[in-house]
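J.: After the structure tokens below, expect a handful of questions from me.
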Amino acid sequence: MDYLLIIIVILLATVFLVGVGDRFNLPWPVLLTILTTGIILVPGLPNPEIEPEIILPIFLPPLLWAIGVRVSWGSLRRQWKAVLIYSVLLTAVTAFAVAWAAWAIVPGMSFALALAIGAATAPPDPVAVEAVAEPVGIPRRLVGVLQTEGLFNDAVSLVLFQAAIAAALAGGVINPAELSLSFLTSAVIAVLIGLAVGYLANVFSRMVASSALINAITLIIPFSTYILAEHFHASGVIAVVIAAIHSSSIRQGEFTAEDRFSSHAFWEVVELLMTGLAFGLIGLQAGELVYESDLDLVRVFLEGVVISAVVVLLRLAWMSFFWLLGKAKKNEHATPRTFGEVLVMTWAGMRGMVTLVLALTIPELGGQLRSEAIILVLTVLFFAMVFPGLTLPTLVKVLKISEAGEADDRQEQELLKIAQQAALKSVKRAAQQNTDPEVVAQAQDIFERMAGRIKMAQSESTEYQRRVQEMKKMRSQWQTVRNNSVSAAQQAVLAQRNHYDLDVVNSVLHQLDIMAMAGSSASGGPILMVPALTTGVLKSVDKHKLLHQESTGTSPLPTVEKQSDISATKKHNLD
């Protein structure tokens, strides 16, 4: 019961901190790190005993899955160089550089244990990076590279960590050739297991139609994949990531809108609570180590500061080298492209849960070595998370790193054009099947206007930009009216819960909720809206030319149903 109470308190604290972060625009991983530090510094707190060997299988698989499903095989093929340079090589180089520094400055520490410290502190946390980077307006190109870096760096770190711990326990030395062969072998087996599990996951998913069951399957699969891979002495990390990528890539087109909405929300909750629980539980364990050890904490803290400096300076040198290399080769697709981007990508290399988990899995090695190693890792975590997380927004603002570059805009316009053309062809086919010539004429008129807007968007004319701003303003006003109307409808239905059958009430609320979610998504979407004659309706937001239409499976509020109303609305469409 005491353990259950501890878990509940940690989860409540996590939810509270995330709410505080949203309220004051602070990244929640940073707040969790501060909470963990506070837990460590408070003596006398309960310490739930967790065996080191079960920490990784409990906390890593769901977080790895949440990362993997955001990636496709196509993006992986396009970014294979970034995976190799940042996810594999940078992680390995950082681990050995930190190992050398720790071995040199910590009295009595073997190189094997120093490498374990290096492996624990080497991988940036993609969850922390995403939570901090995206809200501050870092270009999507940089965020994409940072997320790609987080795909396999955990696997590299884990292989190095396990080899280092085995060598430390055996009192032996590390054989680089044997270590490389071990990594390649485990990686190949893990890829095969991941592909097989990803395929089977899709087979099972096709057998069910419920979004809840699909989410349940995706929650079970990461744990089973990790355990299966570890059973065959393969990398559980790589197996889970590959299974997630393969599963999402071959099934993505089959998901309904409800599946995607529920899956996104479900995995956000899992990611949030698992990270918070890990930080809280590990903080409690680390706190006991600090107060039971006889170490000179000031000395150990200063050693941690030195190692933190090594981590940051090495990352700065690495990013600078590839920036200069891309500049010398005049590679327009290189990342980073400017020294400002070098600084941002360096500062965005925040450590997170994997560093925390690996620290607590260091076994007893005699004397105070385990306690010292854990305190060193936690010091690096603090300096590599809290300071960058709190100062990155200011750095981005000072360096004037734009939120989106020309390449981002061009890709968005191209993809938007593809999406609109597909939607227009589908609606045109549906309209042509109707024998009413007025409906066909209206559809043809919309096609011509939409084609004109797409062409205008690509011209980047001053007139177009002015009209875009007008449309943004009007769309914002329309969105407010729409949200208020849907909210009023929801409240009216809720007020009748005691007068109607509850299943009927919940069914109507579900439809209104879908409309509310669709409206929320549209509010941040592209300006050029896709018309949908089949299930939506035409609306005039302003007498001056804005056409805003939606398709949600139910008619938006307020609904224009009469043909005469549609004809009247048509006169106000955007030229």
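Each Cβ is built from the backbone N, Cα and C atoms, and glycine gets one as well.
Annotated domain 'Cation/H+ exchanger transmembrane' per TrEMBL: 13-397, in sequence order. Per TrEMBL, transmembrane segment is recorded for 54-71, 83-106, 155-174, 181-201, 213-245, 265-284, 304-326, 338-362, 374-396. Residues or ranges marked as region 'Disordered' by TrEMBL: 549-575.
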J.: With a Cβ cut-off under 8 Å, give me the same-chain residues at least six positions beyond the ends of the transmembrane segment (54-71) that come close to it.
T.: 126-127, 147-148, 150-151, 154, 158, 218-219, 221-223, 225-227, 230, 236-237, 240-245, 247-248, 263, 267, 270-271, 274-275, 277-278, 282, 353-354, 357-358, 360-361
J.: Would the transmembrane segment (338-362) and the transmembrane segment (265-284) count as touching if the test is at least 3 Cβ pairs under 8 Å, pairs 6 or more apart?
T.: yes
J.: To the transmembrane segment (213-245), which of 155-174, 181-201, 265-284, 304-326, 374-396 is linked by the most Cβ pairs under 8 Å?
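T.: When the Cβ pairs under 8 Å are tallied, 181-201 comes out ahead.
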J.: Looking at 83-106, 155-174, 181-201, 265-284, which one has the highest count of Cβ pairs under 8 angstroms to the transmembrane segment (304-326)?
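T.: Checked against 83-106, 155-174, 181-201, 265-284; highest Cβ contact count belongs to 83-106.
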J.: Residues of the same chain, at least six outside the transmembrane segment (83-106), with any C-beta under 8 angstroms of its C-beta?
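T.: Residues 76, 114-115, 117-119, 121-123, 145, 148-153, 156-157, 160, 164, 303, 306-307, 310-311, 314-315, 318, 322, 372, 376, 380 contact the transmembrane segment (83-106) from elsewhere in the chain.
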